[in-house]
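What follows is one structure encoded as structure tokens, with my remarks underneath.
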Amino acid sequence: MSQQGYVATPPYSQPQPGIGLSPPHYGHYGDPSHTASPTGMMKPAGPLGVTATGGMLPPGPPPPGPHQFGQNGAHAAGHPQQRFPGPPPVNNVASSYAPYQPSAQSSYPSPMSTSSVTQLGSQLSAMQINSYGSGMAPPSQGPPGPLSATSLQTPPRPPQPSILQPGSQVLPPPPTTLNGPGASPLLPPMYRPDGLSGPPPPNSQYQPPPLPGQTLGAGYPPQQANSGPQMAGAQLSYPGGFPGGPAQLAGPPQPQKKLDPDSIPSPIQVIENDRASRGGQVYATNTRGQIPPLVTTDCIIQDQGNASPRFIRCTTYCFPCTSDMAKQAQIPLAAVIKPFATIPSNESPLYLVNHGESGPVRCNRCKAYMCPFMQFIEGGRRYQCGFCNCVNDVPPFYFQHLDHIGRRLDHYEKPELSLGSYEYVATLDYCRKNKPPNPPAFIFMIDVSYSNIKNGLVKLICEELKTMLEKLPKEEQEEMSAIRVGFITYNKVLHFFNVKSNLAQPQMMVVTDVGEVFVPLLDGFLVNYQESQSVIHNLLDQIPDMFADSNENETVFAPVIQAGMEALKILFQPQTNVYDSLAKDCVAHGCSVTLFLFPSQYVDVASLGLVPQLTGGTLYKYNNFQMHLDRQQFLNDLRNDIEKKIGFDAIMRVRTSTGFRATDFFGGILMNNTTDVEMAAIDCDKAVTVEFKHDDKLSEDTGALIQCAVLYTTISGQRRLRIHNLGLNCSSQLADLYKSCETDALINFFAKSAFKAVLHQPLKVIREILVNQTAHMLACYRKNCASPSAASQLILPDSMKVLPVYMNCLLKNCVLLSRPEISTDERAYQRQLVMTMGVADSQLFFYPQLLPIHTLDVKSTMLPAAVRCSESRLSEEGIFLLANGLHMFLWLGVSSPPELIQGIFNVPSFAHINTDMTLLPEVGNPYSQQLRMIMGIIQQKRPYSMKLTIVKQREQPEMVFRQFLVEDKGLYGGSSYVDFLCCVHKEICQLLN
């Protein structure tokens, strides 16, 4: 599998067409020494799938594997030399932050007053937005542009001091989140003249802000003063972290002109505009290359020949005709595919096509499945494949005459001819060893070590399983689930249980040799729940008492996974000690692992999590689990995981029309060759992101066609093929490419490609690549598509006007930061979650939803309008709800209205609120009912249960809440949105010079 991502573009020996510049610092994310595996054949699918659940804690970290990453994001030793080395490293100095101190006065509504925003006077004194479309040009500009854009206007720059002339010697930039502060221990807070705690920055002296008209460096805030891209002879810098070096011109402090945050593009406004224009409407997929509503817009999708955007979303819906255009724009060409996405009840479910023993009709050359892109000719006796142009004979059983426009008379009677998504019943040729698969099985593996018995977790799981097993997933027409169930408990040994229906009591067999795991039961281990219900309930009642006197706190992990796999094969294999080998073995036998972790210390999530990730399972983690606070979150996750729509033993292949091909894949997948994506299971929440590259020219007439085929076993044991087809436009005009971009899908791709790269590249290099590519995409638009304008204007394509704020959110994520405050386990956990996210989940994860609850209209069912994720939007009199898909916070201002507090918490005042609660009390009044309804709506669409945290203004836990205010400067490094926008603007100007 190729590991080279489009985020990192190849080095160019010539300046890029359309942008006259020397090559910037770009690098491949992939390991340059890595060569692609030989292409293999389509692997026949296997008989079984399993989801194994249980709380598992290993006795210690496993042997290190290539999947592990440390605080610096790469191996300390043996790291391969990068193809494109970055700028020379600077001395790493750990940033130090002052402990949280409640302010004597309100910090609202303008916390930016002390930030570098106030120092933008000389650079952005009159920054404003001009949005103009094809019919209108910005004021005082040239002819109208080809597509709408956002222009951020700044005054012309005054002559620059000669301190930073091209080619001159410059000091290295101060440590920032781009060049990576080191992980040295934090020092006690020290007084600094710039107001931050910690030691003063190296080589710096305090200078007052410049007078109006005076400049710092290249006319940017202090932290950018001595930094610029390599092509200009200076090093790239990312704002945030430390203030920069000395000011060039000193003078007494003067009032600075602020940049109004309301004047820069707002993600909230973009979301609301799309909802206003497309919300609640029918979106028909009958047009090739049309741009769907945003993931945040609710609409009714009608399949009329292209797959619903619930299944496939693209970074752009118009591909460039040539690879030269793609290199020039550097917009990744990718699709985020969610094959089993949930279909709302008001939309049609997928139709099932059954051709009996003949099986699906396929192209003889490229093996694409019959779809709306096939063109029937010669009176219906032959058809031309839309993917490879091969002319095929129509099988006799499939023949039908054509009408006067060359369309089959049964066009609307056959889903595969008229719809973008549908399913086929697979024949025995698609089954492993040409035998029908057995129904899947769920094996529940429960950690019964001392700590889990004493804290009540084992009892909680056993009690809940009695209810959950009644809700095992089943086909709609089936009365009961065909899924078989089995039970294993473990500490340092494994206990298998015989729960055959004719037994009065369950029987236990113990495997003590965890070095050579085998299944001691051939009969009675995997059973039908309905048939063995009484025996299973007896077992679940007995397990907590059975191990009540145990003082065993040692647990095993790899043998537990292997035991479940053996039960599905019923074959003996020697234990493998490396987790990635174990995961590959699981996938080969259709065994998916879902893992629930309850760590109170370091457990090496990077290693343990590899098994669920590669097998299509899910990792759930509950730090410092407390029964009375966290039980509901865990139970919600367990219920959802058992009940969700899922396919087992899956193989996915993505086919494309001639001229381009799929080159890289990101997700919870395993690839043994360059084309087949293997997943032991795939559920309704998992997405695979696929990158495409040109291998020839594309035609504007025929467009770019994509077909995703997933071969899988249903929960009833039937082998099926799920097909999704999508047609995209192609153009030789860059303006069409930019006009058709989808920012939410772009961020999904950038996040996954960057998070994949942390395994083998330094974080500093990854961050630089992301900033460089952002600037390059926008510079190419400015150069080739926008109307002529002053150099001081930042012009953003309308489809990408919130790309900078989303990219800045990605750069501030803990996975791309190396900070001692953030545990390695947490970074590994978040990395794994994002790798399988669909577009809607990654959008909310990187830019949380912030709702002003105090504006609730109790007579309406509408959610209150969201506000931007910034401290400046909070108010002392307000109550705000924040959600990002993993966490939910209810923030309470110190002057929150007493009637609201009484209505929500049933207490008389702010001081009486108990912040330990994780569930709101059920108070019988409209405020309480409305708030809990809103929380339910937000939670309903998300794969993870969000634990509620109550946060009071000016109390210590507010620090945790503030890290999700992503438009502000990051607590652990990273710039504010305003600062990052200035940084990107500077890079664009450098590229265009």
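Yeah, the Cβs are placed from backbone N, Cα and C, and that goes for glycine too.
All TrEMBL annotations are machine predictions without curation.
Positions annotated as region 'Disordered' by TrEMBL: 1-266. The annotation compositional bias 'Low complexity' is assigned in TrEMBL to 94-116. The compositional bias 'Polar residues' feature in TrEMBL is assigned to 117-133. What TrEMBL lists as compositional bias 'Pro residues' is 198-212. The domain 'Zinc finger Sec23/Sec24-type' annotation in TrEMBL covers 360-398. Positions annotated as domain 'Sec23/Sec24 trunk' by TrEMBL: 437-571, 572-641. According to TrEMBL, the domain 'Sec23/Sec24 beta-sandwich' annotation covers 647-730. Annotation comment: TrEMBL describes 743-842 as domain 'Sec23/Sec24 helical'. Positions annotated as domain 'Gelsolin-like' by TrEMBL: 861-935.
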Please report, as numbers and ranges, the same-chain residues at least 6 past the borders of the domain 'Zinc finger Sec23/Sec24-type' (360-398) whose CB is under 8 Å from any CB of it.
42, 305-306, 353, 406-408, 416-420, 424, 426, 655-658, 702, 705, 707, 709, 721, 723, 725, 727
Could you tell me how many residues in the domain 'Zinc finger Sec23/Sec24-type' (360-398) are helical, how many are strand and how many are coil under DSSP?
6 helix, 11 strand, 22 coil
Which of 437-571, 572-641, 647-730 shares the most C-beta pairs under 8 angstroms with the domain 'Gelsolin-like' (861-935)?
572-641
Give me the DSSP three-state residue breakdown of the domain 'Sec23/Sec24 trunk' (572-641), ordered helix, strand, coil.
34 helix, 9 strand, 27 coil
Mean pLDDT, the domain 'Zinc finger Sec23/Sec24-type' (360-398)?
97
Reported in the order helix, strand, coil, what are the DSSP residue counts of the domain 'Sec23/Sec24 beta-sandwich' (647-730)?
0 helix, 54 strand, 30 coil
